[in-house]
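Peer 1: Structure in structure tokens, see below.
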Amino acid sequence: MLDYEWDNPSSIVLSGDERNPDSDPTRSSFSFFDPISHYNNDHRHITISPPLLSSFSNQQQQHHLTLYGQTNSNNQFLHHHHHHHSLYGSTTTTTPYGASDPIYHPHSSAPPASLFSYDQTGPGSGSGSSYNFLIPKTEVDFTSNRIGLNLGGRTYFSAADDDFVSRLYRRSRPGESGMANSLSTPRCQAEGCNADLSHAKHYHRRHKVCEFHSKASTVVAAGLSQRFCQQCSRFHLLSEFDNGKRSCRKRLADHNRRRRKCHQSASATQDTGTGKTTPKSPNDSGVKASSSPSSNAPPTISLECFRQRQFQTTASSSTSASSSSNSMFFSSG
């Protein structure tokens, strides 16, 4: 008895249009080949996208071309795909996969043509390619974006992208450029001067005063007669200066106070140093010098004591001799 494998229905593939395959007896008796149904059945169950299998799509294209001639994507056998919604137009592809894949469906409502551009760098861009990809311009721009270093609120690009950076950060209104240049250029704030300080020293550029007016005795600034203070680095009224001084009275007083404080502290240290050391007499110094140990010379104290004792003995002998002579004189008289 033959085994028909009724328990394995996975080997039988039926299309969606064949609701009742046993109702038509002609299909089992005749080997009639329907190109439209075969075309739809072949491609309804294939869900592989064409970009992944370009060689397979080319083989299917050649197979259908040999059977039916040039492939035609008319609407006569694709009317059952109207319910699909696509993002692309009918000019996106010429492969048979356009009938099965809703992304390449020819009857969908496509966006305006200005939002799309053809990508000719795909895998099928050669001589034997049978499809062209339609990629939105936003995606194309993402592929060609430049890589920059984002620090804070600004992105820094390489030197090769100077044109791109200039176009990115250029000002929208041309009038603002002249105003910005005039504000960024440092000029002297004295009335009637307005000297350009772009090439002056950093001190003059920072405080917006030229070298001449920074040393002048009288300068008209902000409608008042003033003088530039060397320590404050700003203009003051003439009443705040003493005679022809270039620094204001307040800053000079602070400067003098600091100088006096320095001198007082220095003199105080000198006084404390001299007060600790007491003056020494020459006898003390001689005694200390004599008391210092010396290996060669004998101590001087013993010699002096010896001399004093010898002087005392001689004095006592002389006094005894005189007393004896006196006694002899008085006795003889």
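Glycine residues also receive a Cβ, built from the backbone N, Cα and C atoms like all the rest.
Annotated Zn(2+) 1 binding site per Swiss-Prot: C188, C193, C210, H213, in sequence order. Residues or ranges marked as compositional bias 'Basic and acidic residues' in Swiss-Prot: 16-25. If you look up Swiss-Prot, you'll see 1-28, 254-303, 314-333 marked as region 'Disordered'. Sequence annotations record features per position, and here Swiss-Prot assigns region 'Sufficient and necessary for DNA binding' to 179-269. Residues or ranges marked as motif 'Bipartite nuclear localization signal' by Swiss-Prot on the basis of sequence analysis: 245-261.
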Peer 1: Looking only at residues six or more beyond either end of the motif 'Bipartite nuclear localization signal' (245-261), which have a C-beta under 8 A from one in the stretch?
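Peer 2: Sequence-remote neighbours of the motif 'Bipartite nuclear localization signal' (245-261) are 215, 227-232, 236.
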Peer 1: Within the same chain, and leaving aside C188, C193, C210, H213, name every residue whose CB is within 8 angstroms of the centroid of the CB atoms belonging to the recorded Zn(2+) 1 site, in sequence order.
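Peer 2: Filtered neighbour residues, in order: Q189, A190, N194, A195, V209, E211, F212, S214, V219.
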Peer 1: Please report the number of other Cβ atoms within 10 Å of the Cβ of C193 (Zn(2+) 1 binding site).
Peer 2: 15
Peer 1: Using a 10 Å radius around its CB, how many other CB atoms surround C210 (Zn(2+) 1 binding site)?
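Peer 2: Neighbour count, Cβ to Cβ under the 10 Å cut-off: 19.
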Peer 1: Taking the Cβ of H213 (Zn(2+) 1 binding site) as the reference point, list residues of the same chain whose Cβ is under 8 angstroms away and which are at least six residues distant in sequence.
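Peer 2: Set apart from H213 (Zn(2+) 1 binding site) by at least 6 residues yet with Cβ under 8 Å, we have C188, A190, C193, V219, F228.
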Peer 1: Should C193 (Zn(2+) 1 binding site) be counted as helix, strand, or coil on the basis of DSSP?
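Peer 2: Once the DSSP labels are grouped into three classes, C193 (Zn(2+) 1 binding site) ends up as coil.
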Peer 1: Should H213 (Zn(2+) 1 binding site) be counted as helix, strand, or coil on the basis of DSSP?
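Peer 2: Reduced to three states, the DSSP call for H213 (Zn(2+) 1 binding site) is helix.
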